[in-house]
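Undergrad: The following block contains the structure, expressed as structure tokens.
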Amino acid sequence: MMRASYLFTSESVSEGHPDKVCDRISDEIVDLFYREGPKAGIDPWQIRAACETLATTNKVVIAGETRGPASVTNEHIEHVVREAIKDIGYEQAGFHWKTCDIEILLHPQSADIAQGVDALQPGEVKEEGAGDQGIMFGYACNETPDLMPAPIFYAHKILRLIAEARHSGVEKVLGPDSKSQVTVRYENGKPVGVREIVVSHQHLVEDMTSAQVRERVEPYVREALPKDWITKDTIWHINPTGKFFIGGPDGDTGLTGRKIIVDTYGGAAPHGGGAFSGKDPTKVDRSAAYAARYLAKNIVAAGLADRCTLQLAYAIGVARPLSIYIDTHGTGKVSEDKLEKAAAEVMNLTPRGIRSHLDLNRPIYARTAAYGHFGRTPDNEGGFSWEKTDLAEAFKRAV
């Protein structure tokens, strides 16, 4: 039975956090292959990319496996990497987009992996297997308009608003690196207020105090949160260490795939363990997690549950999901087994079916690298297609 009154906390990190710098670089490379492939006459279905990035003081290392056009050279990749770092905003002595050393260690995808992903299976036509085994979770709830848990939704929103002000030139003394954390108070199972707010934000003027940083960030925090959620009892922690001048990869080494809870539901739902960034959609760590969110969101959007957790499982080289599991946490209007059957009916959950339904063979991934992969708005270029609620009516009919 779900608790009625409790506190729940989630964190977010900005695009300038060292791990997020790496996620952005890895996803820029995936996008590069999808942009350049069609120009070289390569079918987007044949593109493969698995890119891992490490970033530290004045150094970026990229390693992984790819399959795509020969036109994507190391020089091309280096240019994309520098432009990404520039866009994030790093022009400091210890990490500058112009001068950091970039080492590229990409090589062709393993033939052993390729044969499992590309090969036809007996009795199936043009069906590709999953790129790896694993379990993936999707989640949705009716706590926010985007059907996301309130703590992670507002933690992202705080940093996104500050980042917009920084990029526009309004907040010139704030650096790219920042973190937020929001402790939400629930009553009768509904979010009603914030008890604790944490914002740690890099500043570009070395002697800025925590109080001065608070003067800068507090208006964005108040703008992000519902008006009556902040009270006299709300506790603020703004740059609680007192100083945050050295930021980004110069202050803390970053790696791709180390913010998987920030990327998803802020701890409000299970996680299968697989990261998203740097992976093309044959990797079900990414594409099946997107599909799981899509299905869970449409179940809630259809009014069939107030909360929904959905699990998918795959085996490498096998097209069909091994299992589909749904839990509506006591909020379902129909049984979970009916929803599980409906999920298999309304969407082809093979890797190829997911890529086709969500139109994932395109350069849409760099935009996902910060502020969450879920709870975002579908865009005209095909980004965040998994956030659509166009299956809601199909679910209603199927149950």
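Quick reminder: no glycine exception, Cβ is built from N, Cα and C everywhere.
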Undergrad: Hey, Swiss-Prot has ATP bound by H17, D177, S178, K179, K243, F244, R258, K259, A275, K279. Any idea which of D233, D252 it lists too?
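TA: For ATP, Swiss-Prot names H17, D177, S178, K179, K243, F244, R258, K259, A275, K279; of D233, D252, the listed one is D252.
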Undergrad: Of 21-31, 32-42, 109-119, which span is tagged region 'Flexible loop' by Swiss-Prot?
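TA: Range annotated as region 'Flexible loop' by Swiss-Prot: 109-119.
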Undergrad: Enumerate same-chain residues with a sequence separation of six or more from D252 (ATP binding site) and a Cβ-Cβ distance below 8 A; give 'none' if the list is empty.
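TA: Sequence-distant Cβ neighbours: P18.
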Undergrad: Take the region 'Flexible loop' (109-119) and average the pLDDT across it for me.
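TA: Over the region 'Flexible loop' (109-119), the predicted model scores a mean pLDDT of 62.
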Undergrad: Give me the long-range Cβ neighbours of E52 (K(+) binding site): same chain, 6+ apart, Cβ under 8 Å, in sequence order.
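TA: Spatial neighbours, sequence-distant, of E52 (K(+) binding site): C22, S26, I62, A63, G64, L255, T256, G257, G278.
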Undergrad: Is D19 (Mg(2+) binding site) helix, strand or coil when read with DSSP?
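TA: DSSP call for D19 (Mg(2+) binding site): helix.
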Undergrad: Quick one: Cα separation, Q109 (L-methionine binding site) versus K279 (ATP binding site), in Å?
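TA: Per the Cα atoms, Q109 (L-methionine binding site) and K279 (ATP binding site) stand 12 Å apart.
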Undergrad: Rounded to a whole number, how many Å is the Cα of D19 (Mg(2+) binding site) away from the Cα of K259 (ATP binding site)?
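TA: Taking the Cα atoms only, D19 (Mg(2+) binding site) lies 7 Å from K259 (ATP binding site).
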